[in-house]
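K.L.:
Relevant sequence annotations retrieved from TrEMBL are reproduced here:
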| type | residues | note |
| --- | --- | --- |
| DOMAIN | 59-143 | domain 'DUF3899' |
| TRANSMEM | 31-49 | transmembrane segment |
| TRANSMEM | 55-78 | transmembrane segment |
| TRANSMEM | 123-145 | transmembrane segment |
Amino acid sequence: MIIHFYNILYAFYENKDIINKVNIGGIIVKNYIIIFAIEAGLTIIYALFSGLNLLNFLNGTFTVSMIGLCIGLFMMMYSDGAYSIMGHSFRKFNYMMAPKRIKETMDEDPDFNKKLRIRQEKYIWTNPILFVSLGLVIISLIAMYSMV
C-alpha cells in the first residue's frame, strides 16, 4: 500500500501523466479509468431516460455493471480456453462415434488434429471490465439497501 502511494507521489513529482505512467502491481490504471468512464456514461444515459432521481441512477449503475460483469466473465472464459476444451471434446466424441470410413477421411485431413490445444490468450481489457463492474455492482447494492 505504501509502495503504491509512493509510486503515485513519484509520478506527480516527475510531472508525468498519472493516467499513462502510474503502474500499480503491473496493472495500468488507464484501462480501469476508461472502463469506469464508459460504465458511468451509460449509467447517466440510463438515468436521463428513466428519470433523474437517486434510485434510477442506482438502478442504472446496477444494470450497466451487471452487463459489464457478464461481458468480462465471457471474455475470461473465452481467453482461458473453455471453448478449446469443449471443441476438442466434441471432436473426440464425434471421432469415436463416426463410422470407419469417416475416421479414415478425418485421419487423412491435415486440418483435423487429435491433440488438445488450449487457448491461453490474455486480453488486456478482461480484468478492468471484471473488477470495475464487480465494484460498481457491490457499491450499487450497498447504496440501494442503505436507502431502505
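Including glycine, each Cβ sits where the backbone N, Cα and C put it.
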K.L.:
Taking a Cβ cut-off under 8 Å, which residues six or more beyond the ends of the transmembrane segment (55-78) line up next to it in the same chain?
P.N.:
35, 39, 42-47, 119, 123, 125-127, 129-130, 132-137, 139-141, 143-144, 147
K.L.:
Return the average pLDDT for the domain 'DUF3899' (59-143) as a whole number.
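P.N.:
Mean pLDDT for the domain 'DUF3899' (59-143): 76.
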